[in-house]
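Below is one structure, written out as C-alpha cells; the observations come after it.
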Amino acid sequence: MTSPTYRPNILVTGTPGTGKTTTSELIALAVGFQHIEVGKLVKEKQLHNGFDEEFQSWLLDEDKVVDELEPIMQEGGKIIDHHGCDFFPERWFDLVVVLRTDNSVLYPRLKKRNYNTNKITENIECEIMEVVVEEARASYKEEIVKELQSNSLNDMEDNVDWVESWINEFEASGRQPNILGVRPNEDDESDDSDGMDEA
C-alpha cells in the first residue's frame with residue numbers, strides 16, 4: 001500500500017512521569033513517524049529563557065519553539081511529546097493523546113528521576129487537578145482529545161496499539177490532516193477529490 005503524501009500529526013502530552021517519551025518512541029517505531037521530544041529540542045536549540053533552579057527545569061520560550069517546529073509540522077507524520085499543550089497551534093494536530101497515571105504509580109517514577117521535593121509535589125498536584133487534561137480540552141476540539149491510562153507496560157503496549165489503529169483508520173479514510181487546512185470531520189466531496197489528487 002502506498003503511503004499518503006501527508007500523514008497526520010499527533011501530540012502526546014501528560015504530566016511528567018506518565019510515559020510520554022517512551023510511548024511516543026514506540027509509536028514512531030511502529031508507524032514510521034518522526035518523534036520530537038520538545039524538552040530535548042529546547043535544550044539542543046536553546047529555545048529557552050534560562051533555567052529554573054527551584055523546579056529544575058528550562059523556561060522554554062514558546063514563540064521560539066513554535067517557530068522552530070512550524071516548518072517541520074508542515075511535513076506531517078510527526079509525534080510531538082511535551083507536558084504542556086496549550087501553546088501549540090491547534091491546526092498542527094489531528095490527535096491529542098493525554099496520558100494519565102495513578103499517583104501511587106507516578107510518585108515512585110518521579111522519585112526515581114531524582115526530582116526535588118518541589119518538582120515532585122508540583123507534578124503530583126498537576127495530575128490530581130487534571131491540569132494537562134483541562135489544557136488539552138480547552139485548546140483542541142473535543143473529538144481529537146483522547147485520554148489513555150499509562151500505569152504499566154501493558155497499558156503502554158495497549159496505547160501504542162490504539163494509536164497505531166487510529167492512524168491506520170485515519171489514513172484509510174482518505175481524510176486530510178489538519179495542517180493542510182481540512183478538518184478530519186469534514187465530509188465535503190470537493191475536499192475529498194482534492195485529497196485524492198495529492199495522495
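Each residue, glycine too, has its Cβ placed from N, Cα and C.
Note that TrEMBL annotation is computational and uncurated.
Pulled from TrEMBL:
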type: BINDING; residues: Gly17, Gly19, Lys20, Thr21, Thr22, Arg113; note: ATP binding site
type: COMPBIAS; residues: 186-199; note: compositional bias 'Acidic residues'
type: REGION; residues: 37-60; note: region 'NMPbind'
type: REGION; residues: 112-122; note: region 'LID'
type: REGION; residues: 177-199; note: region 'Disordered'
Long-range neighbours of the region 'NMPbind' (37-60), counting only residues six or more past its ends (CB under 8 A): 21, 24, 68-69, 80-83, 115-116, 118-119, 122
Outside the region 'LID' (112-122), six or more residues from its ends: residues with CB under 8 Å to it: 16-17, 54-57
Helix, strand and coil totals (DSSP H, G, I; E, B; other) for the region 'NMPbind' (37-60): 8 helix, 10 strand, 6 coil
Span of Gly17, Gly19, Lys20, Thr21, Thr22, Arg113 around ATP - largest C-alpha separation, Å: 15
Under 8 Å by Cβ from Thr22 (ATP binding site), counting only residues of that chain that are 6 or more apart: Met156
For the region 'LID' (112-122), the number of residues DSSP places in helix, strand and coil: 7 helix, 0 strand, 4 coil
Cβ atoms near Thr21 (ATP binding site) (within 10 Å, other residues, all chains): 16
Residue among binding-site residues Lys20, Arg113 with least C-beta crowding, 10 angstrom cut-off: Arg113
